[in-house]
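*Asks:* Can you read through this structure? Questions will come right after.
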């Protein structure tokens, strides 16, 4: 047996997507198609998982004894327009409150990320072997049960709550890491950006699980209700990639570790996840420190930036795919999306502490910062699928797992900074965020790529 060079005859698409146009038939159905239905179902799944993971960020404002742990913000006592709020400023007397310092709160926020980091890469590899349907479905059901018992865990003590959130993080890592394998088989190259952004944008978890097991299938071939035209379109558009990835070969770990484009994804994703972690975790606390608002208004104000982010994230996916159809190089699209999702968001946050406290200014900056950050979903978070389609489920899980280390460090470090300096703590938090985010972005802009790497190309064997 003699090993030949990487598979010849792979045509280079105008945007570096290596797919032969001659094999692709007329485009199948779009918005009403099965593949978009799959993306919508995953979107709901991610919505539920994200809600279960982040609900404590808003409830923490009401759970802690704020009279002992207050943040100063340039002496601001400004209230929302319209005067005092009629809603109660605190929970009923029977609702428990906890004496948790900002540093302890940071550890609680980060506890779920400890478990999540451990399972993202493993679940991506496992989903590629046994299927996304089983991995994500079982994980979602387990996460839903754990969130139901979280209030009881809090009553039992701090250690019990942290342990429960860590276990929940383990199963939630399987949700976010395990779903990546679907787009190897369901995502036509020119639609991957929009499909991924639809899926990633954004007590009912137990009710939702049966729908997951009934409606989700690991590939178009096994789906019983898919339109024949759509099935042929997806299979034909992925013909070369499916042919390559179907040949079982061991993971080229050494080559992956030496891959600079892959490392650039990891480093930049780490910086972006630090930004996202601060936005998700501390937006309610920051709003509470700037304005005298009750829990109801805090929830509404904290939700506004993420509603905008949901819309912009989906539109960003369509924009990325539109640029690809206009012969913009794939690597250019990925870097533009990554830049727009990182630099403006972190720059807006770092400017906040230096501006006079203002309701309009604060909410505008928070909304723009949070709204632009999901543009990265069409950049670094799908880039591993460009570099190595055959290993994409493992690599996307691995890169997100490494990036998720930021989700456990950011709340812990930020809680320490806020605990040490109540007056200038927010400034230090945002400056550190900006430095980490900008460093990762520069590394990616210099070293990032979007062509299939040599170690990820198929190799043929022939007899002499």
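Glycine too: its Cβ is placed from the backbone N, Cα and C atoms.
Here's the feature list from TrEMBL:
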type: TRANSMEM; residues: 36-64; note: transmembrane segment
type: REGION; residues: 74-94; note: region 'Disordered'
type: TRANSMEM; residues: 107-128; note: transmembrane segment
type: TRANSMEM; residues: 140-163; note: transmembrane segment
type: TRANSMEM; residues: 198-217; note: transmembrane segment
type: TRANSMEM; residues: 260-283; note: transmembrane segment
type: TRANSMEM; residues: 303-324; note: transmembrane segment
type: TRANSMEM; residues: 336-354; note: transmembrane segment
type: TRANSMEM; residues: 360-382; note: transmembrane segment
type: TRANSMEM; residues: 394-417; note: transmembrane segment
type: TRANSMEM; residues: 429-452; note: transmembrane segment
*Asks:* Out of 140-163, 260-283, 303-324, 394-417, which stretch touches the transmembrane segment (107-128) the most, going by CB pairs under 8 Å?
*Replies:* 394-417
*Asks:* Could you tell me whether the transmembrane segment (140-163) and the transmembrane segment (394-417) are in contact, taking contact to mean 3+ Cβ pairs under 8 Å with a sequence separation of 6 or more?
*Replies:* no
*Asks:* Mind checking which residues of the chain, 6+ beyond the ends of the transmembrane segment (260-283), have their Cβ under 8 Å from one of its Cβ atoms?
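*Replies:* Contacts of the transmembrane segment (260-283) (Cβ under 8 Å, skipping residues fewer than 6 from its ends): 54, 57, 109, 113, 302, 305-306, 338, 341-342, 345-346, 349, 366, 369-370, 373, 376, 380-381, 383-384, 387, 395, 398-400, 402-407, 409-411, 414, 429-430, 433, 436-441, 443-444, 446-449, 453.
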